[in-house]
Every structure is written in C-alpha cells, then in structure tokens.
Amino acid sequence: MRVREMQRNWQHLGKWGLLFLGILIICNANATDDLWVTVYYGVPVWKEPTTTLFCASDAKAYDPEVHNVWATYACVPTDPNPQELVLGNVTENFNMWENNMVDQMHLDIISLWDQSLKPCVKSTPLCVTLNCTDVNITMSDINGTSLKEDQGEIKNCSFNVTTELKDKKRKQQALFYRLDVEPIKNSSNIYKLISCNMSTVTQACPKVSFDPIPIHYCAPAGYAILKCNDKRFNGTGPCEKVSTVQCTHGIRPVVSTQLLLNGSLAQEDIIIRSKNITDNTKNIIVQFNRSVIIDCRRPNNNTRKGIRIGPGQTFFATGEIIGDIRKAYCNINRTLWNETLKNVSGEFKKHFNFSVAFNSSSGGDVEITTHSFNCRGEFFYYNTSGLFNETEVANNTNENITLPCRIRQFVNMWQRIGRAMYAPPIEGEIQCTSNITGLLLTRDGSKDIDGKEILRPIGGDMRDNWRSELYKYKVVRIEPVGVAPTKAKRRVVQRAKRAVGMGAVLFGFLGAAGSTMGAAAITLTAQARQLLSGIVQQQSNLLKAIEAQQHLLQLTVWGIKQLQARILAVERYLKDQQLLGIWGCSGKLICTTNVRWNSSWSNKSYDDIWDNMTWMQWEKEIDNYTKTIYSLIEDAQNQQERNEQELLALDKWDSLWSWFSITNWLWYIKIFIMIVGGLIGLRIVFAVLSVVNRVRQGYSPLSLQTLIPNPRGPDRPGGIEEEGGEPDRDRSMRLVSGFLPLTWDDLRSLCSFSYRHLRDLLLIAARTVDRGVKGGWEALKYLWNLTQHWGRELKNSAISLFDTIAIAVAEGTDRIIEVLQRAGRAVLHIPRRIRQGAERFLL
C-alpha cells in the first residue's frame, strides 16, 4: 500500500513538474527577445573635429628658395604610394566656407613668410631724406608705346647713410621705383621711402627667392581626410562620391590677387562657387576647366649694390640698369582668354539665370586694383583692365593681350596690417610663366545698360586662394568605438587571456563605411588593425622630421605642431583602449554587456538596425544617448567586478592540482581527524543508546559485541528446532571486529538512517505540495464557479432590470397616448357638443 501511495504521489508531482518546466521554457523563450547593449571596436564612424594637421612635401634641403627651406623643417616626406579608397553608399556634407583646413593653411603660409624674413635686415635705418631725379629714358617705341617705360617711373636718388662708425656719414646713390618713394611736402626733388610711416619693414634675404612648391596636408593617425569626387561639386552641400585619403593633393601656396595661378582645374565644365551668389558682398571663386598661360617678363638688366647702413647691416638696392629701360609686361593669348570669359558668362547664365558683363576693378589698394604676384622674387602689379574691359578687348586684334606691369620693392605684408617687406632687386632679366586656373570676382549689385550683372576682379583675402584648392576636403575624427543592440547578453566577467593585435591602414578601416551594420561588423578585425599600425607609421615619419630639427637646438612652430600631432594620435588610441578597459572589453572586437537596451534610445527594430542602416546613420540615431549608454556600461562593469571579487574570495578550487599542494596537507589531516572522531563519537552514542535500551528491557550487557536477541511477540513463535515461523529482520545482528569494519558498519547505519528520514521528509513534502496544489486548484475552480454564478446572477438581474424599465416605459407611453387620444377626441367633439346644445336650446 505504501508503494502504491508513493507511486500516485510521484505521478502527480511529475505532472506538476512538467507544467512548471514548460512555463520556465516559455519564459526563457520570451526572454531571448530582449536586446542587450553590445560594444563594437573598429566601426566605420567619424565626426567633424578641429585638429592639427601636418604637411608633407618633396622639399629640397639644398635649395635656398623659401618654400623649400620652410618645408624642409616643417614637413615630412611625401608618401611614394598615396592611396585613395572610395566609400560606396556614403553621402557626406561639405562646406568650403566653414573649413578649418583653410584657416590652418592660412596660418601656415603666414608662418612661412614670417620665418623666411626672420634672419634678414630691418630697413628702418634707411628712413632718410632722398634727393631724387628722374632717370632719362631714351628708348624708342616698340610696337607703339606698350613697352616703353613711363617717364619718371624710375628715380635716381642720393642720400646719406651711417657707415660702420656711427658718427660718420657717407653719401650713396641708388635707383628706386616711383611706387616705393613719396615726396616730402609736395617737393619735386625731395623724397622719402614710402615704408617709413610703417612700424616695421624687413628686407628679404638677398639669396632668397619665392617659388612655391606643392604642399600636401595630412591628417594625424586617428583622423582621416574625406574627399569629394563629384566633378560638378560647388563646395557646399551633400556629396555622394566620397573617398578617403591620407593627404590632400599638392597645393602650391601662390599669393596672388584677382587671378588664381597654378591651381587645379575643373574636370568637366567651369565651376562657379560662392557662399551666397545673390549677396554682392560675397566673393565668387571661378575654377577653369582649361588653363590660360600668362608669360611675364622684366626685360631690364638690373644690377644690385650693397649699401652699408650701420654696423653689420647691408641694404641692397638697384645700382644701375644696363641697356634699354623697358616696362615689365605680361602676355596672354587673346583667343583663349576671350573664349574662357565667354564660357564663364555661359555658366552664369546656365546655372544662375542671369547675364554678366566683366569690368575692371572699381578701386582700392594697388594690391586689389591690380593682379599682384611674385615672380622670381620681384613683386609684379599689372593692370587687368585689358582683360576685363570688354570694349578694349573687342577693339584690339593682336594675337596676344599685353599687360604693362609695375614693380614694387616695398610691399605691404598681406598677412597682417602695419608691416611691410623690402624685396631686394633681382639681378639680370626676369621671366616666369604661370597657368591661370581661376578668377576671384565680386558683383557690383547693379546692372549695365544692357541689363547685365557687372562682375569685377577682386582679391586680398588669401583664404579664398586656399579655398579654391581645399573645397573638396574635410577632416574627420574616427570614432572606432560603437554600441548597438544585440540578442547576446554577457553572463560572466571573463578576464582577457590575450590582446588582439592592432595594425593596418586607414583605408581598410573606413572601407565598410557604406555597408550595413551587419556587413560592417564582419570586417571589424581588418578595420581595427589599422589604428595602431597607422599611428606607428605616421609617427615614424613625424619623428624623422623632428629629428632633422635637433641641430637647431630649438623647435620651430611647425616642430611643435608635429609633436602635437604625434602625441594626439597616441592619446586618441590610449583613450579608446582605456574606455574599453573600463568596460571590461580589453582586447575584444565584439564585447557583450549585461545592460538591457532601452527602446527610448531608438525605437527601430533589430532587423531594421542591422540590415538597413549604416554605422554612420546609427551613430546619428543614438548620438544624444551615447553618454548615458557609456555610463550604464561602466556601472554594470563595476558591479560585475565587485561580484567577481566576492566570488573569487570564496573560490578555493581554482585548480584540481592545488589539492595535492603540500600547503593543504595540514587541512587534509584535520579533516581526516574530524571524520574519524565523528565516526567514533557516533559509534559511542549508538552503543550507549543500545545499552540503555537493553537495560531498560531487563538485560545486562555482557559485551558490546555480544548478540542479544530482541524480544518476540506472543503471536510469533521462536524458530527453534522443528518449529516454524517467520524470522524477524531484527533478530540477528552482524558481529564485526576491527577498526575499519566497525567504521564501515557505523557509516552504513548512519547513511541508512539518513536515507530513511530524508525519504520520509520528501514524501511528506510531496504530499504537502500535492495537497496545496490540489487545494489551490479547488480554490480556483470554486472561484471560477462562483464568478460564473455571480455572472449569471448579474446577467439575470440586468435582464430583469431592462424588462422592468421597458414595461414601465411602455405603460407610461400607453398612458400618454391615451391622454392625447382623449384630448383629441374632446377637440373633435366640440362641434358636435355645440350642435347638440343648439338643438336642445331650440327645442
């Protein structure tokens, strides 16, 4: 009976166990739909920063030209294998008018000019009275008067200067251009240098020349330069053809006004760029699709003489002009120039729907009203009215447009107000050929008699010159750490066993920028390898450039910039690694966390995120919540580390081999003694209890090992001789001798005792649970029946209420109808009553 009862109980218990197991499985299945924050390292994500760029060039250390000298110390060697990686399915916004690269280049070229003039002589001591006369020009006209120098354009001046001895004076003679001197008190012969009213005038070194070389701007490691390859890109707005480069193309920092020289050309049609074409205060940058050659010459064969103006100072001036004195001039092919202007006008008509007319500059400083540039160390200023005056251009039929030039030796510094530079005369004839690749224009805001918008050349702000080359670039900061929701949850905090190797190139890193998040996550290893090796490669080049400056015993401004770029790259990498370490993700490309994803951060579905979005789109989606997510990951990691510390404090079973350590033997001996002592004590307790039990029954113990039969009942005869009977299971007791058998017997008795009581306890618990479940089920059934009963009662009550209301309404309606009928009948019977009354009255 007991066995059957146990079977029935276990059957019920098994049913309920299966029920609970099914519920648990369902709950776990639902739990798998939860999303958890996962950290990814090496994702193709970038943001727009402000950072320090460095330059690269093929400068020649032996060349005294100022750009070569500057680039030798300021720039690293160019990459012989420049790489460019096209980013498919990427659209990026560019803005050439708000580009930090332009400001950096502007400061760099200012630094170049300042550094080039640092070791040269200040000409302030030459601010003396000049007694000047006009140089006699006897040259006959050539082809009219185009090449004949104007009378009075060159002055022959004499003046007194201080010799090596400060108390001694010496009279000197030199030639100056009319633009470099000004009369004193309207005198016809007494002059002074035009620069004497300026604070500082620095003379360029006599062996220095200005011939710009291509300079490449490069991004430090951890940053990238994005390039727009759209051939019709106007410099502002989204660009769909984006690539990434390490450095820009070679940019020649040509300082010029009105015309852009030796720049890059548009690949298809002429491109017109302006911050706001309808605003006449905004300059217009025109980029040609075909260059126009301009050939400039100074035919005068000048000589140079040195004038001592004090101890250790020499002022270089023009001594004499050998041969004919002729004007400096520039030649431009008339047909090609007219065709270019016609195409520019057509572009304005095509894209902005208005016709334009060109005219000469409206006035201002000579640097703005003329096209100024540096040719082999001489500063040329030539009048461009012959280029932009349509009437003059149309009436002239010569093959070339010849523009007369004027030369200045005292030049206002374009980089800052109140400073000037004296350019020493260059000996011999000078010739330089350049390519006109663009224009700087401005709108008058008014129209001519034909209703055309008037465009005039302009210049002065060299940032526009740099914008014409940097319009298609922007610098971005790579953000390799990204977070996204996944279905994987971190279960335990595991210590990283090894670090993941980092190394590759920037282009592999951003190669998956246009891919979906799911596709990009597969290539994380290749992307992450870039970060460290890219840093090492760039820092090696920077270090070589810095080492080249060690003999100077001090770093230049650019040397400091190189150090900044080097340190910045390492700091960026270490910052990312520190962040991963705080999150417990060191050395991992994909790191799960136990932070539950909050749908308020993004309500997009899991499939929509991983199958349809790029990492850039996803980063913009959660940008406002990034700090919150980072904080939650850090808090969760701190909690896990505390849990791990507590767990490790209790964990003494790190390795099975530690069990055999000699340091644990003492513990083993203690445990063995405790077990043996416990068994002996247990044996003593059972023996004492047995003796006490038998003494109470009237027996005296002869020995602890003597078999003492248990008393038999009167209904069970003893099994002696032939008498039968069922032997009692407690009738005999096994006699054991020895320590180990005795120990084993006691241990077996203890286990049997424990098993019986635990079995009874489990049966009691099972019965209790079964009864409780049955009682709960009966209670639920009772509640369900009670609910159904009261539901039926409520339904019947409601129906009865509705019936009563309907009857009352019907009866009331009948009464109202009856009253109305009676009233109607009374009204209808009025004539009858009148007639009956009349009849009675007449009768």
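Cβ atoms here come from the backbone N, Cα and C positions, even for glycine.
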Range annotated as region 'Fusion peptide' - as stated in Swiss-Prot, picked from 16-36, 499-519: 499-519
Disulphide bridge to C228 as given by Swiss-Prot, partner from C239, C247: C239
Of the residues N143, N785, the one that Swiss-Prot lists under N-linked glycosylation site: N143
Cα-Cα distance linking N136 (N-linked glycosylation site) and N343 (N-linked glycosylation site), given in Å to the nearest integer: 45
Residue among recorded positions N131, N136, N160, C751 with Cα closest to the Cα of N338 (N-linked glycosylation site): N136
Using Cα positions only, nearest of the recorded positions to N400 (N-linked glycosylation site) (N136, N156, N289, N301, C751): N289
Number of Cβ atoms other than its own within 10 Å, given for N338 (N-linked glycosylation site): 15
Entries of N131, N301, C751 which, being recorded positions, have CA atoms within 10 angstroms of N156 (N-linked glycosylation site): N131
Alpha-carbon distance [N435 (N-linked glycosylation site); C751 (S-palmitoyl cysteine)] in Å: 105
Candidate glycosylation sites N160, N289, N301, N435, pick with smallest Cα gap to N136 (N-linked glycosylation site): N301
From glycosylation sites N131, N301, N435, the one whose Cα lies nearest N289 (N-linked glycosylation site): N435
